[in-house]
Amino acid sequence: MFNKKKQDKEKNENKDQENKEQQQNEEKPKHEPISPDKNQFLLDVKQKLHSPSDFIVRFVSDNMTLVYVDNLVDNKMLNEIILTQLHEVEEIPEAIHLKLSIPEVDVVNELNKFIGDMLQGAAIVHVNGYDQVVVAKISAYQSRGLSAPENESQVIGSQVGFNENLSTNISLIRRYITNPNLCNEKFVLGKQTKTSLSVLYIHGIAIEEYINTVKQRITDLEIEDLIDSSVLAELIDDNSRSIFPQMLLTERPDRFCDGLLSGKIGIIVNGSSMGILCPYSFIEFFQSREDQNLRWPIASFIRLLRFFAILISIFLTPIYVASLTFHYEVIPQPLLVPLSESRAIVPFPPIIEALILELIIELLREAGAKLPTKVGQTIGIVGGIVIGTAAVEAGITSNILIIIVALGALSSFTTPNYMMGNVIRIIRFPIILLAGFWGYYGVMIAVCILFIHLLRLTTLGAPYMAPFYPPRFKQWPNSIIRFPITFIQRQAVNSRNKKNDSEQSGKKVSK
Amino acid sequence: MKNTIYVGNTQQFNAFLLFYIVVAAQIGVGIHGFQRVLYEDAKQDAWISLVLSFVFAHIVVTVMMKTLDMFESNDLYGIHLDIFGKYFGTTLNCIYCLYPLFAFIAIVINYIEVINTWVFPYLSPNFLCLTILIITIYAFTGGLRIIVGLCFFSFFFILWIPPILIIPLKYSDWNFLLPILDNELKDIAKGVLSMTFTIIGFEIINVIYPFVKEKDKYKRYVHLGLLFTFLLYLAILLISLTFFSGGQLSKTIWATLTLFSIIRLPFIERVEIITICVWLIIILPNLCLFMWSAYRGIIRMKVISPVKFSVFFAIIIFIANILFYKRSTINIYDKYYGRVAFFIVFIYPFILFLLAWIKKKFRKIKTAGEHNNEN
């Protein structure tokens, strides 16, 4: 019942909200009336806009003036509908409002408001003698077409990614989730950019507390500009100084919808091809949407492989450094021989050797990412092979270390999330340093600090290490391996159903 | 009941986590070399001492929990204030706060000694102490939630020990355990006494009690925790007793580590070096819990921020480490610390329980008397 009412109201609410926000934004500049005189009106508008070169004025008839900003409006609509219909209509704003056959038309009597609309792609019709204008919203976005997500590619599954247009992205999501409970709340952020963004969640699945937290954090923000969603994610993070991301940035609509359906809250920012999902716990960063698409034993194997890869990526080089610097006795005799043979002509201590090689790999990676795609791969492969082989032959590194470092770099790319992959690559460096100075003890110091840090983190106030700590044993197996679909709990680790929770606590109280 | 501290629902944790807390608090540095001390007293019947000491521990824990249940949602410090009044109670609290401090020092110096002996002979003990303190402060300032989390995770770092002990089991000779009960009862009792240093830790429930969510079923988890450590210790002790000959064992300071050192896996040798380093994460919750229990006592007297307190506490530890760090002093320290701890952990709860019981009776009579007067 409640839901239905809410949906009926939803549209109105959205509109109201927009109006409110716009009003709020324009409260600071004074309420300025529109001049009824044609010339004065044009002067006012030009003065407001600092007479830009793409401001276009068209005199439709003696009394009617049409103004718009070039390239922001849909030219076809302008020519075929507005201009033709304006010739046939009575020259009163109300009449024009009724006559124009385009989806969104408005009558406005305030200067700042229609200028805001005009900058978002509206054509303005001014009639001489009236202090009202007709705002015809015929905005045309120049946005690229939908393409495959490049940073989060997967073999099996949908091959469509978000693009930079807010409405396209929301329509993509609505195509996946045809559910009236899917709530969409609009916000506008940034004094300069006035970037619009949408907070999406499914009413009844997402936890009210988290929704309020997200909304609260967004409304509390006072920023000058917002260009990308990753900036927003960092601004509304619980611990923005931590190296670990606490919200997922994804360009995959299917992953986004999967998150919404499991009770998460999504944010989509206009102009950014990455959607934000929160709350996201540590372990979920290592689960891929593709796991659901594969058969469960295979998906489980791949997931385990991924966890193993993360461990390798973080700890293999430090352990090599620590073992060869301090703990020779830990390595068994048969393994020690090839190790020392390959290191025989290397003049550096293992820590320098490892740092050099790790830096080279990072350089190659960064260069590969920045180079134009056509050269990028070639340079990457050639550089890798040439530098690798040459480094060994020149005697500055050992063969085995090259294997280890390459393995570590490779493993770090198995993380399904780019942000998390970055973290894993970077935290290796301090651990290598610690290992080089204090051996296994140093590695252990790093492990302790890492554990404590992860335990201290929260995501929207929920524990980051869930379900491992606080322990929810029922969710453990499904977090580590993937169960057959019928056994999977739909709720995400931090989005347990509120009802169950309150019932449980009610029981406790009554006891 | 007065002096009850208010603990919000968010600060509380589920009762089953007490299992991990008790295990984490008990297993510390003692496990590295408790066999020698036990063997010196009870010879081949050391395991009987171990069993007895754990039976004793179970009794003590029951008494402790009985006392705590008498005072609703109150820790030991509050109970002190309640029974002994403000001034004497505060004095007692002050004294009791020193106990975690000494425990902390004992763990730190013993662990540093192990590292210096086995892994890094030339690494400065002051540096090691400093790193341990920094990590502890970082964990401690996160609050109880993080400390309990560490207890929980450190449990999994203990789990790999039992399976790895199967390897030395191959070389053990069970005849070393015979003849059973050949020693005097006095010696076995002495063994119980010297077991103190290794077995203590569970007294943390005195302080952590108000933070347990389900007060009605927390007891079983404490007992389960004790049982787990008991089984672990028993396994290690039995393997040590059968693996080493008597003379060997009395000359081996860290018998558990020596046991580990014979293990040879296809890709790792000298497992004890890794064990010692991994032990950092096992003693960490231990240290945090002790620091925290001292903090709980201090804030009863003076409100102080956790950061300030932990830095102050760390400075004391650092100085103590400089003073005590020597094999001979460590031995003496352990011995005296063990005795004090024996009194505090094993004897004092009975006294406290008695006093609390008398106080309660007395109060009942008093209130009853008042009622009579009114009537």
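Here, residue 1 is simply the first one shown, and the rest follow in order.
Cβ from N, Cα, C; glycine included.
Since the structure is predicted, the reported quantities are computational estimates derived from the model, not experimental observations.
The annotation transmembrane segment is assigned in TrEMBL to B:12-34 (among others).
The transmembrane segment annotation in TrEMBL covers B:46-66 (among others). Only residues 6 or more beyond the boundaries of the transmembrane segment (B:46-66), in the same chain, are considered here, and those with a CB under 8 A from a CB of the stretch are 35, 38-39, 177, 180-181, 188-192, 195-196, 199, 202-203, 205-206, 218-219, 222-223, 226, 229-230, 233-234, 237-238, 241, 345-346, 349-350, 353.
Under 8 Å from some Cβ of the transmembrane segment (B:87-112) lie the Cβ atoms of residues 28-29, 32, 76-77, 80-81, 125, 128-129, 132-133, 197, 200, 279-280, 283, 286-287, 290-291, 293-294, 297-298, 300-301, 313, 316-317, 320-321, 324-325, 330, 333-334, 337, 340-341, 344, all in the same chain and six or more residues away from its ends. TrEMBL lists B:87-112 (among others) with the feature transmembrane segment.
For the transmembrane segment (B:118-140), the list of distant contacts is 108, 111-112, 146-147, 150, 254, 257, 272-273, 276-277, 280, 283-285, 287-288, 291-292, 295, 306-307, 310-311, 314, 317-318, 321-322, 325: same-chain residues at least six beyond its ends, Cβ to Cβ under 8 Å. According to TrEMBL, the feature transmembrane segment maps to B:118-140 (among others).
Residues or ranges marked as transmembrane segment in TrEMBL: B:147-168 (among others).
For B:188-209 (among others), the entry in TrEMBL reads transmembrane segment.
Taken from TrEMBL, the feature transmembrane segment applies to B:221-244 (among others).
Residues annotated as transmembrane segment in TrEMBL: B:273-295 (among others).
Annotation comment: TrEMBL describes B:307-324 (among others) as transmembrane segment. A Cβ distance under 8 Å defines the sequence-distant neighbours of the transmembrane segment (B:307-324), meaning residues of its chain 6+ beyond its ends; these are 101, 104-105, 108-109, 112, 125-126, 129-130, 133, 136-137, 140-141, 291, 294-295, 298-299, 330, 333.
Look at TrEMBL and you will find B:336-358 (among others) tagged as transmembrane segment.
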Listed stretch, out of B:12-34, B:147-168, B:188-209, B:221-244, B:273-295, that has the most CB pairs under 8 angstroms to the transmembrane segment (B:336-358): B:188-209
Folded-back contacts onto the transmembrane segment (B:273-295), same chain, C-beta under 8 angstroms, at least six residues removed: 21, 24-25, 27-29, 32, 97, 100-101, 103-104, 107-108, 111, 114-115, 118-119, 132, 135-136, 139-140, 144, 147, 150-151, 153-154, 157-158, 161, 201, 204, 206-208, 257, 260, 306, 309-310, 313
Outside the transmembrane segment (B:12-34), six or more residues from its ends: residues with CB under 8 Å to it: 106-107, 110-111, 114, 144-145, 148, 150-152, 154-155, 158, 195, 197-202, 204-205, 208, 211-215, 217-218, 221-222, 224-226, 228-229, 232-233, 236-237, 252-257, 279, 282-283, 285-286, 289
Residues from the same chain, set at least six apart from the ends of the transmembrane segment (B:188-209), whose C-beta lies under 8 A from its own: 18, 21-22, 24-28, 30-31, 34, 37-38, 40-42, 45-46, 48-50, 52-54, 56-57, 61, 64-65, 68, 73-77, 103, 106, 144, 222, 225-226, 229, 233, 286, 289, 292-293, 296-297, 334, 337-339, 341-342, 344-346, 349
